[in-house]
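*Asks:* Take this structure first; my questions come after.
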Amino acid sequence: MDFETNEDINGVRFTWNVFPSTRSDANSNVVPVGCLYTPLKEYDELNVAPYNPVVCSGPHCKSILNPYCVIDPRNSSWSCPICNSRNHLPPQYTNLSQENMPLELQSTTIEYITNKPVTVPPIFFFVVDLTSETENLDSLKESIITSLSLLPPNALIGLITYGNVVQLHDLSSETIDRCNVFRGDREYQLEALTEMLTGQKPTGPGGAASHLPNAMNKVTPFSLNRFFLPLEQVEFKLNQLLENLSPDQWSVPAGHRPLRATGSALNIASLLLQGCYKNIPARIILFASGPGTVAPGLIVNSELKDPLRSHHDIDSDHAQHYKKACKFYNQIAQRVAANGHTVDIFAGCYDQIGMSEMKQLTDSTGGVLLLTDAFSTAIFKQSYLRLFAKDEEGYLKMAFNGNMAVKTSKDLKVQGLIGHASAVKKTDANNISESEIGIGATSTWKMASLSPYHSYAIFFEIANTAANSNPMMSAPGSADRPHLAYTQFITTYQHSSGTNRIRVTTVANQLLPFGTPAIAASFDQEAAAVLMARIAVHKAETDDGADVIRWLDRTLIKLCQKYADYNKDDPQSFRLAPNFSLYPQFTYYLRRSQFLSVFNNSPDETAFYRHIFTREDTTNSLIMIQPTLTSFSMEDDPQPVLLDSISVKPNTILLLDTFFFILIYHGEQIAQWRKAGYQDDPQYADFKALLEEPKLEAAELLVDRFPLPRFIDTEAGGSQARFLLSKLNPSDNYQDMARGGSTIVLTDDVSLQNFMTHLQQVAVSGQA
């Protein structure tokens, strides 16, 4: 099975598809054994089983029956490839044959619809910032009201609005608009909040109100769950309430920012859900119009003379409030993730709102982080509504309360995960590595929210430390069978249809001695580039940017020294196999990307870009690392061209896709013809068609992209042409003469050609 087919069917893509047989050999490979896995990958031929799975009874195993199991029909038993335990088959599996084979023995990926009941529908808790301009707030209200029509009628809804104070709206009151008002400058605790809202002190463990009405009980005028009511019951009142919202009336002195209690609002929202809906699917959806200016969670002082922190301020420890704000929001993130709740953050302003400090709220829960200039923009409106996209059966594509366990045979141990999840530390698994990459020290992770587009990077360590085992031998009695390492991904989650489901993917990879040609041939350079990029982005959160780039360079050099063909000290002899040849190029563009080169970005922009990158699959991640460039001309059909300054020509139109924005660039000659209006003359219909062609292709790219990319239409000499030029390899820069009508790029960045020349020189010299 090739890389793409495995990804389409199983949602998994490995860096190496044949593993080295020992740990030391794997370490010599430089690029770690790992995979990019999309648990809820959409697949038309996915088998869905309407029953509970058959689970292995082996200690510390709990893996699920799969096609790699050895079935013994005579004894009605099966052997688990993960732990080699023998298990009895249930009575309904007694008459197995080639014609009568259950779905789980036919498919490496299967989904079970279990009989575990769903007791409470999902909860959507809107947290709205009122310190906004009227036009911006009106657009936001319109989008929220539209989104209500996309939610299940039985979904529970809550509403908080805030400015200088936090207002918790009581939707149970039919006759009047009633809300509880809290101080914006106070960090409330669950006990105090519960007592204020119910009149009773909580006495249960962990601050839970054990004697109070809980999520399962009837809503009463004094119960904590009165703030969350079914949409079908409160839709009219909620729409009326939203329509009547107006900007915060608190006066803002000249030279000051509005007083904005974002931290307190999020704290109250998370505590309220913990108090009555712990481990029940819930989303806190925050709409922020600016930075928090009130502690707790203060991002910047209200005086405009105090600027928002920059990357330089953070790196030099001059960001006065940064560490304290990070600590506050990280505490909320830990609470929310532990309770199975999700936080989505939508920013609608030109200013930074503090995404850099708040990023753990979304990154640890699978929530959305979206940075836009205003709530009136198409990017916000369409991206927000795409959050509530539905499948062919009319159910929301979002899934809730996910939990993913990775089971491995004794050949592998799990090092960690990089993606939007949090660790489940209480686990009896025995396949956990002592060395960690990303979120480690566990083989089980919690995903409060996940979707068909959430992908996770998972890293493995070869467990075998000795080279004395025969890698061609597997279990006793299998002399001719290759030695396989088995991995099973078990993802439990709540489907939006109101059912509990389990998605199971089982894969097998051969283990061979180091130096075997099959190992090199199994290298997936695209998956490897994305997984190494995720490690680099993860390192960049704590390490110096220059150190991360040096680490990338060292790993690239070592990989080339290991797998390139060359004569020592002869750069001209350097050759890479086709499945390695693009990897240096990916590394070059990654070094220049906004994920690692943050010079021209704000901390919020960096948090946003890294958030999106660490959730996407291989294809989309590669577009972010190395954008695609397509050329349109009168002479040729549309064709992909090099991401290089030599591709910019006067008589072509270029379409650039960076994932975050899509740009159409008209060459100098094309731009002149367009300004002259030739496209309006019927005799130049071909020119008109040429102008329309990139627009049609751009529209196709926009259909399913989340978040919606920014669209830029520019031309040679235009102010926004810089967005294209900044992404190009500067093979023609101001130090050289432009060739063949190509464009000169004003930059001091090293070109790809010089990068490759230097790589070859260092690799063949034996340096690292």
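Note that Cβ sites are derived from N, Cα and C of the backbone, with glycine treated the same way.
Residues or ranges marked as Zn(2+) binding site by Swiss-Prot on the basis of experimental evidence: C56, C61, C80, C83. The N-acetylmethionine annotation in Swiss-Prot covers M1 and is backed by a large-scale study or a structure entry.
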*Asks:* Using a Cβ-Cβ cut-off under 8 angstroms and a sequence gap of six or more, which residues of the chain neighbour C61 (Zn(2+) binding site)?
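*Replies:* In sequence order, C80, I82, C83, S85, K407 meet the Cβ cut-off.
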*Asks:* Excluding C56, C61, C80, C83, please set out which residues of the same chain place their CB within 8 Å of the center of the CB atoms of the Zn(2+) site, keeping sequence order.
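*Replies:* Neighbours found: S57, G58, K62, S63, I82, N84, S85, N87, K407.
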*Asks:* So if I draw a 10 Å sphere around the Cβ of C80 (Zn(2+) binding site), how many other Cβ atoms end up inside it?
*Replies:* 26
*Asks:* Run through the Cβ atoms and count how many others sit within 10 Å of the one on C56 (Zn(2+) binding site).
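*Replies:* Looking across every protein chain shown, the total is 24.
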*Asks:* Is it possible to get the count of other C-beta atoms within 10 angstroms of the C-beta of C83 (Zn(2+) binding site)?
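*Replies:* The answer is 22.
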